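Here the structure is laid out as structure tokens; the discussion comes afterwards.
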Amino acid sequence: MKRSIFFHTDEYHHKENINYKPRTFSFKDEKERQPEYWTTQGQNFLKELLNRQENTNKAKNVIFFMGDGMSFATIAATRMYMGGEEIELSFEKFPYIGYSKTYCVDSQVADSSCTATAYLSGVKTNFELIGLNAKAKAGNCSAHTDEENHVDSIARWAQKSCRSTGLITTTTVTNASPSAIYAHMGHREWESDFHMERHNCNSSEYQDIAEQLVYNVEGRNLKVILGGGRSNFLGESSIDEENQKGNRLDGRNLIDEWKTEKSKDGQATYVFDKNGLRNVDIAKTDYLLGLFEHGYMKYNLDVIDKNLQHQEPTLTDMVVTAIKMLQKEENGYFLFVEGGMIDQAHHYGYAEIALDETKQLSEAVEVARHMTDTSDTLIVVTSDHSHVFTYNGQPPRGNDVLGIAKVSDDDNIPYMTLSYANGPGFYVTHDEEGTRINPETYDTTNPFLVHPSLVPIVRDTHAGEDVGVWASGPMAHLFKGHYEQNAIPIIMAYILEIGPYAVDEKCASCAFNPLMFLTIATIFILRIFK
């Protein structure tokens, strides 16, 4: 088809374009029309920069937030979703920002397991590997049995320095991102023996990820574990609290095994819903396991739509309880928090859900910053990778970010502000001949509306551009600049003085050793009665 295009200022369109309308603007404040508004804003920002003092305190605690799949486009669109382009998410108010490169050793565009290994252990690795270096091969059933390929996570470094550790996720606690805290595995999907057997791995010979959470040294020492994924801990003949079956082929109940193991070291509490989490006796609980769903936790908007707010805790609910639990440790703590359903929503083209999940992460970060002190607690917020998600089309100011941007000057059909380079949206936004369907027919009030995509694919893919790193608290200025993703835990370790920067191996001296205690007590008693 021959195209005739002409230009008009910054716009271009077909001569045949239907009823072209000049752009109109919706201002939040009439002051924006005045140049003084913007110059004053810029001067105030400069003043803030000039008055900013670097916090060089030693950190006692680190809270590490990770928005899975949270690209810069996702953050920008979330501002509009929250009410306006000028709005800032809580972590965007942090004083320092850097940029990290997210590729794997063997892949230009990363998955969540190789990135998790990088940002938690300081070592980049191959696609689909967890807690192993790049010498290991993905899909090798026995890859994790070679301890020379193991890499320790920052959680393990913290444990060795007598700090409490915890993890939170809105996916399963055995999913790729959180499992890099405690597991070493040849494939991210081997969350239970069921998944290992599906990949022709003899599960009787090798530990799956759920087993490693219960029995690996890193998993055994976690004080707080909150998220979804009950099915990976229960046998296929077992029924959980929500009448769902487990998937384990070995018939084991790893939740009970966890309770038995942890009861040897202190008071262990298991909860499965919001009410149970709310009623945890923090003072009397040493170890807390919360599994709130059979699989992934529900999207926040799904919880609201189904009126399940009384049942399913929010990310903020989990963060509040975890901080209260970990604050009991006088030596400090390391807490990992994943907003994992941002990624899942993007994979299925649920743009509004992805924005709402990003908003939930922002709220959790804000609460964490209010509950802690910038003098001793470093908070870092980042993403593992981006998505092929675009915020585009030159819509007018104040336009509904979930709606139509403009009319195409090619096919004269309106197009959406938010779309994907690939994904399931192709199937629902094109007819059988591949012609675009007019999005004016879409129900944009449905949060599960699948947004358009260019290439047909069942799930959208990740993208390869850099992601942001925001930091607040002691030595946060070290996160400025542009760096490899694996530098993140190394910087945090330096600030906490753990791992490669540990001043000493405190844990050997401060950890409770029953035999040593009995020996010292016996000597003390003998001296008294000598």
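Any Cβ shown, glycine's included, is placed from N, Cα and C.
If you draw a 10 Å sphere around the CB of SER112 (active site, phosphoserine intermediate), it holds 26 other CB atoms from the protein chains shown. Summarising the annotation, TrEMBL assigns active site, phosphoserine intermediate to SER112.
The Mg(2+) binding site feature in TrEMBL is assigned to ASP68, SER177, GLU338. In sequence order, PHE65, MET66, GLY67, ASP68, LEU167, ILE168, THR169, THR170, THR171, SER177, PRO178 are the residues near GLU338 (Mg(2+) binding site), counting only same-chain partners six or more apart with C-beta under 8 A.
Residue density at ASP384 (Zn(2+) binding site): 29 other Cβ atoms are found within 10 A of its Cβ, drawing on all protein chains shown. Under the heading Zn(2+) binding site, TrEMBL lists ASP68, ASP343, HIS347, ASP384, HIS385, HIS462.
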* Asked: For HIS347 (Zn(2+) binding site), what residues in its own chain, 6 or more apart in sequence, show a Cβ-Cβ distance under 8 Å?
  -> GLY69, HIS387, GLY423, ARG459, ASP460
* Only counting partners 6 or more residues apart, tell me which same-chain residues put their Cβ under 8 Å from the Cβ of HIS385 (Zn(2+) binding site). => GLY69, THR102, VAL109, ALA110, ASP111, SER112, THR115, HIS462, ALA463, GLY464, VAL467
* Have a look around ASP343 (Zn(2+) binding site) and count the other CB atoms within 10 A of its CB, chains all included. => 28
* Count the other Cβ atoms sitting within 10 Å of the Cβ of SER177 (Mg(2+) binding site), across every protein chain shown. => 27
